[in-house]
Amino acid sequence: MINHKKKSSGDDRDRDRDPEEETKERVKKMAIATKAMPFSFVAHFLGIVAAIMVLYWCISFRGGLAWEAPNKNLIFNIHPVLMLIGLVIIGGEAIMSYKCLPLKKPEKKLIHLVLHAIALILGIIGIYTAFKFHNESNIANLYSLHSWLGIGVIVLYGIQWIYGFLIFFYPGGTTTIRSESLPWHVLFGLLVYVLAVGTATLGYLEKLTFIENSGVAKYGSEAFLVNFTAIVTILFGVFVFLTILSQPPQEDEYSYSAI
């Protein structure tokens, strides 16, 4: 009889447990023991380096950036800058914000949402400049794998942001909907981010192939710069993942360990 009461008491505690807390505990067990902060510092550094490298490439080797110019290549140069800084770097910072910032859950949620919104806006403008360059240069649109993946990434990114806004921010779903959606929201977001990094890398390869065919030396300084920019971009994505798989700096009732 005593054992039966103890078992019932345990069952009651399990039933009363917040589903979101159960998800949090499952994710926490999957995290590696290392603290997230050191990984995030490396990611921040790599993000800054990647941004500097792509700006240096487009300004020093490709002639600069312009919204309107007789040289249409200056219009295109906006594309790699915004796509890298937007979807890859700021998008990565948005993902890491839940693990890096020792803030309360509502504050981290707002920062996460705003950073992703900025990344999405820059990504949309970046894709628009590619179409603008093609249209003004009489070049066909959407003929390459890079362009197909780019459109797919921006669409999926937008869907992910809208869903996150409606379910986790405003008007907000029920506790059950949020807890059941959370693992899928995280998984879908990470998959989209992997696609974004992969698409950016493919874009470097495509552009480098074009400029090498037009006379740029295959072992010249510009070729090395583009390839190393791609490597730094990939490393940034790797350290974003290491950050989110690590332990947050602080755990309390406001923490959010799902990302």
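Using N, Cα and C of the backbone, Cβ positions are placed for all residues, glycine too.
What TrEMBL records for 1-25 is region 'Disordered'. What TrEMBL lists as compositional bias 'Basic and acidic residues' is 8-18. As annotated by TrEMBL, transmembrane segment applies to 36-57, 77-98, 110-128, 148-170, 182-204, 224-245. Residues or ranges marked as domain 'Cytochrome b561' by TrEMBL: 42-245.
Counting Cβ pairs closer than 8 Å and at least 6 residues apart in sequence, the transmembrane segment (224-245) and the transmembrane segment (148-170) reach fewer than three and form no contact. Highest Cβ pair count under 8 Å relative to the transmembrane segment (36-57), across stretches 77-98, 110-128, 148-170, 182-204: 77-98. Taking every listed stretch (77-98, 148-170, 182-204) in turn, the largest tally of C-beta pairs under 8 A with the transmembrane segment (110-128) is reached by 77-98. Away from its own ends, the transmembrane segment (77-98) comes close to residues 36, 40, 43-44, 47, 50-51, 54-55, 57-59, 62-67, 108, 111-112, 115-116, 118-123, 125-127, 129-130, 133, 150, 153-154, 157, 189-190, 193, 196-197, 200, 203-204, 207, 233, 236-237, 240, 243-244, 248, 256-259 of its chain (Cβ-Cβ under 8 Å, at least six residues beyond either end).
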